[in-house]
Amino acid sequence: MAVSLACQAPRTPMAIPPSYADLGKSARDIFNKGYGFGLVKLDVKTKSASGVEFTTSGSSNTDTGKVNGSLETKYKWAEYGLTFTEKWNTDNTLGTEIAIEDQIAKGLKLTFDTTFSPNTGKKSGKIKSAYKRECLNLGCDVDFDFAGPAIHGSAVFGYEGWLAGYQMTFDSAKSKLTRNNFSVGYKTGDFQLHTNVNDGSEFGGSIYQKVSDNLETAVNLAWTAGSNSTRFGIAAKYKLDSTASISAKVNNSSLVGVGYTQTLRPGVKLTLSALIDGKSINAGGHKLGLGLELEA
């Protein structure tokens, strides 16, 4: 109740905070997007005249030679807030997802997710719920298992740029919490700070800053209780023009990653990347990546 009153006090509407999984996402994107080390990857997105979206993805691991692929079809029935999704991958796993949003209550999304593997006969089911409004973002998922369901819950509160979140998982088969995470952060238009504690033993933090319209930077830091090793990394992304950008990152293990993304034409994007081991430049072991995205 106190949260609701606090949200009504300002004259201007407060922003909806991100979900717990999206806390610190801007910094993670600078570290992860624009790279594809050790992979040759092709992504194709198309949309039919009837509104059905098709997404096909295929990748080959240059080290192992293993090829993975997936196909996803999605249809949105906007009038009723419904989304139907069918998935398949090369592990021969079939998935079906039905989501309904903003129909039962504004800001509430319910998702029914099932998977089935014909090869093994393994089945899984999950019910997901998410509710968001000014200052508040809640989530609760129930993952069904023969041994007993697992309940995943999360909550994020936001006020004047400050964010506080909690995430938990309760395993009913073991009758105990198997995940217990806390997070605190601060977010403005061009600056974000995020810190988290996972299970009381893993600590992490990240900083994201948009220095200019063309330059974005990020820093991350992580360590584990009882260990003297600290993981540290810095990354940056620079837009050369409206069609091209370069990315670079380095961590305390002397691993240097570089990436180049070029939009060749509308709907065609090429990504080149390389990972260099700074400790053994002459010994080899470096990785290259090639990605092509097609959208029509």
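Just so you know, the numbers here start at 1 and follow the chain as drawn.
Every residue gets a Cβ built from N, Cα and C, even glycine.
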Looking at the candidate ranges 18-27, 108-117, report the one that Swiss-Prot labels transmembrane segment.
108-117
Among 1-9, 163-171, find the range that Swiss-Prot records as transmembrane segment.
163-171
Report, as a single number, how many Cβ atoms besides its own are within 10 Å of the Cβ of LEU255 (NAD(+) binding site).
17
Surrounding residues of the transmembrane segment (52-60) on its own chain - C-beta under 8 Å, 6+ positions past either end:
36, 39-46, 66-76
Pairwise Cα distance maximum in Å, NAD(+)-binding residues per record: LEU255, VAL256, GLY257, SER273, ALA274, LEU275, ILE276, ASP277:
14
